[in-house]
Amino acid sequence: MGSDGDKKKKFIVAGSVSGFLVIMVVSVAVVTSKHSPKDDENHIRKTTKAVQAVCAPTDFKDTCVNSLMGASPDSDDPVDLIKLGFKVTIKSINESLEKASGDIKAKADKNPEAKGAFELCEKLMIDAIDDLKKCMDHGFSVDQIEVFVEDLRVWLSGSIAFQQTCMDSFGEIKSNLMQDMLKIFKTSRELSSNSLAMVTRISTLIPNSNLTGLTGALAKYARKLLSTEDSIPTWVGPEARRLMAAQGGGPGPVKANAVVAQDGTGQFKTITDALNAVPKGNKVPFIIHIKEGIYKEKVTVTKKMPHVTFIGDGPNKTLITGSLNFGIGKVKTFLTATITIEGDHFTAKNIGIENTAGPEGGQAVALRVSADYAVFHSCQIDGHQDTLYVHSHRQFYRDCTVSGTVDFIFGDAKCILQNCKIVVRKPNKGQTCMVTAQGRSNVRESTGLVLHGCHITGDPAYIPMKSVNKAYLGRPWKEFSRTIIMKTTIDDVIDPAGWLPWSGDFALKTLYYAEHMNTGPGSNQAQRVKWPGIKKLTPQDALLYTGDRFLRGDTWIPQTQVPYTAKV
């Protein structure tokens, strides 16, 4: 039971947020109880003003106002109007898909590469719609305004990432179809941007609305809902609870829902067969023990497989390997991953993942993660170009090793790598190495890549050639690329300039790159590039990119029994 002071604070919080929502429709008149033509006029006037208010922060105001008014809103409540925005965006994507299925598909079918790009694009647009549906279905509560807004921003950022990836898939082929696709999906992409702008507007007012006590209260509330005193979720069964607790300290005897073993000592010989045993509509951890061995298979944890956990016998004992690539095999980058994770609430511990295509294979992903609330602990992820594709949503990596050459940690997730070893490998002759290539394409996306307490070093085979094949902390894949490196040891494998342009002056003014409290010979910033987008963080700024603030990690990471540092 809270004190009177707590009740007063909660009242202030609710009043602050409610006040903001009222301000958005400040011109709305009181509705009369009797229906008349005048009532209709008043309703239209009120609704128009409310729509103009919620559309005010958007970049495409005409598109926003026309789409909402065209949907004949029956409410002037701003939350209802924002959710109506999600609905019209879904409708627009579906209509654009239908149009593309006629206009573009006929052209794409004549070219195998274009056909593959279109088929991938169809899937990605459906994924984009799914994220928008999550937003529509999310219950709103003033008492949980921060959680509400955070979830919406993550899912809207995910929807935008899926749509951008669709366009990128056409960029990998020699064709003018990308321009055709951009034209067809222009309105739906504008609507997606507008939805994010409306939601972000709420979030920008939260810190100024006397909500300082809310974050802690919400974290405490979420923990109460999800977990017992031992920080394991209440919905975890007793056997799964014992297993998760046991695995927190490393590999050991495992009793799981499914066991994979190549020698026949488990129920399954392949990981894919074990995944097929995940119950439909699964809502509790389904733990798959993958015994020691080399598994040559392409593994996909689909969106219909939430709450899956992989536990191996060690990153050097349980190895999942593949070699799909774009450079030689002409497989779309998005589809080259040895392991693909799309099911939410995924956890992996003590496994190795690799793509063996080599530097000549070009883009060759070892691990691609598009799931929300994904956690990897004590895993080794090896490749060359595009090793780790942190595609979208919330992701956390702890005590992992990631190796590669070009853009080998890339994507548009809201992601932290903590206490990880980042290894630059020997590239092809003439190649330059970039550790990161973050892909935020909209300035309001909540996404970004944080390396916290990591160690950036070089493979022994790379060290002799570091002065010729230089390595950099990263480059901006998209216009609003955001990467923060803090409390990380940086060896002298990184060039003193630190960062590399993508092409010309692209994104140099709009990116957000920061280094904070790093150590090691490669951390000296005296000769760093002086781009407008390079930031110097204050200690207060750095708090925004910690586990508890950037990922709201206190509410979900401890439940996985993975080590986790919440603060700087």
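Heads up, the Cβ atoms here are built off N, Cα and C, so glycines get one too.
The model shown is predicted, which means the values in this text are computed figures rather than measured ones.
Residues or ranges marked as active site, proton donor in Swiss-Prot (evidence: sequence analysis): ASP386. When secondary structure is read from DSSP and collapsed to three states, ASP386 (active site, proton donor) falls in the coil class. All chains included, 30 other C-beta atoms sit within 10 angstroms of the C-beta of ASP386 (active site, proton donor).
According to Swiss-Prot, the active site, nucleophile annotation covers ASP407. Shown in sequence order, GLN385, ASP386, MET434, THR436, ALA437, ARG475, TRP477 are the residues of the chain, 6+ apart in sequence, with a C-beta less than 8 angstroms from the C-beta of ASP407 (active site, nucleophile).
Under the three-state DSSP scheme, THR333 (substrate binding site) falls in the helix class. For THR333 (substrate binding site), other Cβ atoms within 10 Å of its Cβ number 24. As annotated by Swiss-Prot, substrate binding site applies to THR333, GLN363, ARG475, TRP477.
Taken from Swiss-Prot, the feature disulfide bond applies to CYS400-CYS420. With a 10 A radius on its CB, CYS420 (disulfide bond) counts 24 other CB atoms from all the protein chains.
A sphere of 10 angstroms centred on the C-beta of ASN94 (N-linked glycosylation site) encloses 14 other C-beta atoms. Here Swiss-Prot flags ASN94 (among others) as N-linked glycosylation site.
As annotated by Swiss-Prot, N-linked glycosylation site applies to ASN210 (among others), with the evidence given as sequence analysis.
Annotated N-linked glycosylation site per Swiss-Prot: ASN316 (among others), in sequence order. DSSP gives ASN316 (N-linked glycosylation site) a coil state; it is part of no helix or strand.
For 45-198, the entry in Swiss-Prot reads region 'Pectinesterase inhibitor 23'.
Positions annotated as region 'Pectinesterase 23' by Swiss-Prot: 251-548.
Feature annotation from Swiss-Prot assigns signal peptide to 1-33; the stated evidence is sequence analysis.
Per Swiss-Prot, site 'Transition state stabilizer' is recorded for GLN385, and the stated evidence type is similarity to another entry.
Sequence-distant neighbours of CYS400 (disulfide bond) (same chain, six or more apart, CB under 8 Å from its CB) are PHE376, HIS377, SER378, CYS379, GLN380, ILE381, LEU417, CYS420, LYS421, listed in sequence order. Averaged over the region 'Pectinesterase 23' (251-548), the predicted model reaches a pLDDT of 97. Taking each Cβ in turn and tallying the other Cβ atoms within 10 Å, the top scorer among the recorded positions ASN316, GLN363, GLN385 is GLN385. Here the Cα atom of ASN316 (N-linked glycosylation site) is found 24 Å from that of GLN363 (substrate binding site).
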